[in-house]
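Read through the structure below, which is laid out as structure tokens, and then see the notes.
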Amino acid sequence: MGNCCPPGSSSEPDPPPASSGSSRPAGSAGAAASPATISPSAAPAPAKPPAPIGPVLGRPMEDVKSIYTVGKELGRGQFGVTSLCTHKATGQRFACKTISKRKLSTKEDVEDVRREVQIMYHLAGQPGVVELKGAYEDKHAVHLVMELCAGGELFDRIIAKGHYTEHAASSLLRTIVEIIHTCHSMGVIHRDLKPENFLLLSKDEHAPLKATDFGLSVFFKEGEVFRDIVGSAYYIAPEVLKRSYGPEADIWSIGVMLYILLCGVPPFWAESEHGIFNSILRGHVDFSSEPWSRISHGAKDLVRRMLHSDPKQRISAYDVLNHPWIKEDGEAPDTPLDNAVLGRLKQFRAMNQFKKAALRVIAGCLSEEEIRGLKEMFKSMDSDNSGTITVDELRKGLAKKGTKLTEAEVQQLMEAADADGNGTIDYEEFITATMHMNRMDREEHLYTAFQYFDKDNSGYITIEELEQALREKGLMDGREIKDIISEVDADNDGRINYTEFVAMMRKGDPEANPKKRRDVVL
């Protein structure tokens, strides 16, 4: 990994390569002739004025596409899109996280992005942290080019293997804690630790594990207290909910991950985010259900210490690494964990993905009538026939249609649609955004989605139909689909009827909520 400077250093960690058209003062080294020999008619054109300074990164604007070819989308988050990108000069592949400036609606949002870049540069060179190759800013977005972790998410690798042991879980956890111990020793709290944020560098069996997504991370000093509630619901520590926390909150999140690794479900569970938070504050950790009777005393002891409700009494990263269960050649047994654990782990991963897939189906499977109506609406709003709609055209168009939206809702609709942050929305973006503003659980939308999966119109979704539909989206293998059927299939007939489908779709999904700052009343 390349050298980096901590925030505040005057040197750039990743200076942009000089473009082929970069200007050099006449008379500088390598000039073809001295100023005295150049006639006025042959004098070079004056140097271009420097690029304006970007308001987010505070450095000259630069077009990331002049250096990288941006390819297919890899993922989408609250603030932007991650795409595959290729360095034009070397052909090397990276991941490019594009953060739309239109989505950065508050001063805190801008500061979060700026700090994310600073923290990633600060942690550069650490083997367990995804490397930031460069940060670029143009008029519409900030682009973070990072090393590509092509091996996928940690839990997906475990599921694909089909079996694992306490010893393997111990080894994984040791790697995760080593990474976070390094972050803490360098004055960084991650604040959003969860399985999805640990990726494998490649598909190789022994590929290194990398921590990613430092968008909520902060620098900290010893004794400093943080008060904003951030993170992903299942993994948030109780002191975060009480608005008084430090680096110990990361240990809690890893403790939740360990609990899931050992039994397949989160320790704090409810049908809503509010319910999960209350469960976290109660702090009761269940070791009575199976498979805990077959899990070693050492593993349970470490989970208890990591999930201690009092952060002052919680085990530190250093002490976790010295715990007998986690030490290399320690006491973690090599006997396979119960197959039921893997089944539950699959369900925990697959259910979230199935619901996301179904929501995408709802957004993408509009009836011809709806599409025709929305197409006409788009045309009528596009007053200058440019093929795109500005926020002003959107506002006026909605008012003409008698749609009563507040200014904030109009802005929300615009921001939801404008994925590339260029200030306008095209037809496809408009369709997606219009659906986004509707309630996704409306009866007709749910029925449309159900029909999409029910290929033979039998009134049931079978394993084969679900597999076919989800394979089209490249989401799951057959085993995961079987697990989903059994989870949703309330009457145990081996298939999903409409009532069961609706119940699944309307069930609380806390992870669908934004992970950003929350106002929580408990």
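Glycine is no exception: its Cβ is also placed from the backbone N, Cα and C atoms.
Keep in mind that this is a model prediction, so the values were computed, not measured.
Of all ranges given (1-58, 465-522), Swiss-Prot attaches the label region 'Disordered' to 1-58.
Range with Swiss-Prot annotation region 'Autoinhibitory domain', chosen from 115-145, 146-176, 332-362, is 332-362. Within 8 Å of the centroid defined by the CB atoms of Asp489, Asp491, Asp493, Arg495, Glu500, the record's Ca(2+) 4 site, lie the Cβ atoms of Tyr460, Ile485, Val488, Ala490, Asn492, Gly494, Ile496, Asn497, excluding the listed residues themselves. Here the Cα atom of Asp192 (active site, proton acceptor) is found 38 Å from that of Glu393 (Ca(2+) 1 binding site).
The distance from the Cα of Asp491 (Ca(2+) 4 binding site) to the Cα of Glu393 (Ca(2+) 1 binding site) comes to 50 Å. A gap of 44 Å separates the Cα atoms of Arg495 (Ca(2+) 4 binding site) and Thr388 (Ca(2+) 1 binding site).
Secondary structure from DSSP puts Asp489 (Ca(2+) 4 binding site) in coil. There are 21 other CB atoms within 10 A of the CB of Asp382 (Ca(2+) 1 binding site), with all protein chains counted.
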